[in-house]
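Quick look at what TrEMBL annotates:
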TRANSMEM  B:12-32  transmembrane segment
TRANSMEM  B:44-63  transmembrane segment
TRANSMEM  B:70-88  transmembrane segment
TRANSMEM  B:94-113  transmembrane segment
TRANSMEM  B:120-139  transmembrane segment
TRANSMEM  B:167-187  transmembrane segment
TRANSMEM  B:217-236  transmembrane segment
TRANSMEM  B:256-279  transmembrane segment
TRANSMEM  B:291-315  transmembrane segment
Amino acid sequence: MADAILSLQALNAHYGDFQALYGVNLTVNPGEVVAVIGANGAGKTTMLRSIAGLLRNAPEAIRWKGHLIGALRADQVAALGIALVPEGRLLFPSLSVEENLVIGGQLGRKGPWSLQRVYDLFPILKERRLQQSTSLSGGQQQMVAIGRALMANPDLVLMDEISLGLAPVIIRQIYEALPGIVGEGLTAVIVEQDIAKALSVSQRVYCLQEGRVSLEGQSQTVPRDDITRAYFGV
Amino acid sequence: MSLSVTRRTRLSTAWLIVLVPIVLLLIAAPWWAGRADLRLMGEIALYMSLAVLWNLLAGYAGLVSVGQQAYVGFGGYLFFALTMLAGLHPYAALPLVVLAGFVISAPVAVLIFRLRGAYFAIGTWVVAEVFRLSFAQMASLGGGSGTSLSPDIVRSLAEGRDAREAVAWWLALGAGMLVIGTVVWLLRSRQGVALTAIRDNELAARSLGIDIWRTKFTVYVVVSGLTALIGALIFLQKLRISPDAAFSANDWTAFVIFIVVIGGIGTLEGPILGTLVFFALRETLADLGTLYLIALGVVAIVIMLFAPRGLWGFLRDRWGLELFPLSRRVSGLAKKEA
Amino acid sequence: MDWLNAILQGTLLGGLYALFAAGLSLIFGVMRLVNIAHGDLIVLSAYIALSFGVSLGLNPLVALLLVVPTMALIGYALQRLILNRTMGEDLLPPLLVTFGLSVILQNVLLMGYSADPQNLQAGAIETASVTLGPLAVGVMPVMVFVTAVVVIAALQWMFYRTALGRAFRATSDRQDVAQLMGLNRAHIFGLAMALSLAVTALAGVFLGIRTAFDPAAGGARLIFGFEAVIIGGLGNLWGTLAGGVILGVAQTIGAKIDPGYQILAGHIVFLIILALRPRGLFPRIDG
């Protein structure tokens, strides 16, 4: 616990009167890939948005490298080295592909990622670099969204449903690129509905059910029956 | 097991009982109020009407106009034209003013409804400017310097000055009651349900099949016709009209907006309360001149930032008050569950 | 030849209207805010230049070096302290707050400077003119027009070629995602308003040199700027210049027919264009 880089302690989240998260505890160790799985509406996206600062919280609910960041704004969280690949990609339509990537790095944090390295990872983006981001296919847009987050040279990247709505061949392509991304000592939290995919790339897994953590374990050893129970609550 | 939906609250019922003697007392005002007080009360009634109308437009239909002076001035000028140029009796001219307000505002609505949100607001101002500049071109109505209502038309209202003051008051009071009655009726009708739905969530309202354009159009036209009537009465009281006075953005829009914001936008009681507060402030602080206007602007901004539902919203949140039976309440639910 | 002259003068006047409009267009583009006090801020700039002229003896064109940063500062403070609190889904708060601001500004100016019309004295340049064949063209109006072209070109460049412009466009697209990129929305909005009022400062000083102004002169300027924006097409800066020129020409031709028709002719052309082309003459092609 002491060496955790990120820890959530009794994290709650509300949308008006609706409570989406109930006292979620979660830890992420440096260099680790943590998968978060759960059914629709379990609170996975809400949890990532809370960490990224899009939903405000009590300061002590989220601890990052010793800082209490629960109450910080998203731009302050970004400056501390946390990047989010949001669900639905959410590129900037009036920016070109390259501008979308450049703006990801506009805080100027030092690190291995540059425009060139993103283009090496996803060569198709270099061909399309001057196009409007909205003219790309869904898979290419997802590459831009991932590249945009990497351009920030974050210490932690949060990926929300990066395979959602994409063709299987594209999903495979993106997941094949993933080891090259997290191999740099980057820490990652991956939210995914595809349980097999999530387990294959992660070391540890959490399952959320109706806003509560229903399971925590090692991705390779956790029994499938436990996952089924934690996922569907049967 | 008897589940019933009602709009009445105990307070609103009590209020209706109190309302009757109040109205009777107001009708009898010429016998108990002095001439100056009567004039002030007339002015209050007319401002209250403008505020209630603007609130219906902005607070319920989401049509934030900063150009309602277009219809105040239009009504005033048309009243002068109908009586002085066409020779109509004032009582015959007044309903015609309302009709003309409906007729002229319909094409205006078609045109400026093309502008969204805040741009709609400035569009209404352009229309008011077009009205002002057009009436300033009419030599028969005094052009840029304006004209006075001729004495024989004033005399045709009633014999003697006191009687005329009384008539002017009754007209103002009647117009005020007509306006409030129309707005209550409109809000309780199907249109009112549609309006509330639009106010709360335009997208959801659209998906429920509510014709938003038509609902807003109806509100705009009704409000504009009645605003023209109020304009006619304002300048009947003043006896003199000029383009700058008739189409004054300060007098007929700025003050009215401040009244509604201070009283509470989006409630029927808010503008009424706001008018009373506005006149109380004016009667005590008007000597301050420009400082008074600055203070009014500051108060309106502070209220918009920190208590956007205004004075009435504050009171209502605190005590759940509602004088006009507008919102529906379900009673008998607890019994049913038990 | 009189008509040709009217068209030329109207075109040059359009440059001034484009300056009224550019600031309005900018903040609408970045944060969907329509500032009802925009015209009063134009007039405020003229009064600030007047005060610098009186106290420091500066020519208003030199005073611009002070008025522009002053207005930019006012803009940043106004946005951060007041207007940012009103930004959200609901259109009513920003509209009513800027409306209140408009009334406050007018009356503060009335208290400080009285209702007497004022003029900014720029010296010999005001009356200087060059003859182009049969036409005489004032140096000042040409300077204003050229300034408008330069300002719009600079804004265009800023928007599409600089990091600030990228941040403006990203924030305009998706405020929360822009925040994820480390952009502080409150600060970005503050910068947009600062830039808007910097342009407003130019507009105000040129207005004050061209005509007499008083504390109530703002409303008409807001309307002219707004008409130029709508005629040109929302979100299109070059369109805004074209809109200003169309409005200016309509006014000078109207005035040629009858001096009383000057302003009215502009409004009528605006309403006709609104009726025929509700999205303006040069709408932006959205992706």
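Just so you know, glycine gets a Cβ as well, placed from its N, Cα and C.
Most Cβ pairs within less than 8 Å of the transmembrane segment (B:167-187), among stretches B:70-88, B:120-139, B:256-279, belong to B:256-279.
Contact between the transmembrane segment (B:70-88) and the transmembrane segment (B:217-236) is present: at least three CB pairs lie under 8 Å, with pairs separated by 6 or more positions in sequence. Non-local neighbours of the transmembrane segment (B:44-63) in the same chain are 72, 120, 169, 172-173, 175-176, 179-180, 183, 186-187, 195-196, 198-199, 202, 215-216, 219-220, 223, 226-227, 230, 233-234, 237, 252-253, 255-257, 259-260, 263, 265-268, 270-272, 274-276, 278-279; each lies 6+ residues outside the stretch with a CB under 8 Å from one of its CB atoms. In this chain, the transmembrane segment (B:12-32) does not touch the transmembrane segment (B:217-236); fewer than three CB pairs sit within less than 8 A of each other, excluding pairs fewer than 6 residues apart. Sequence-distant contacts of the transmembrane segment (B:94-113) (same chain, at least 6 residues past either end, Cβ-Cβ under 8 Å): 70-71, 74-75, 78-79, 82, 88, 120, 123-124, 127, 171, 213, 216-217, 220-222, 224-229, 231-233.
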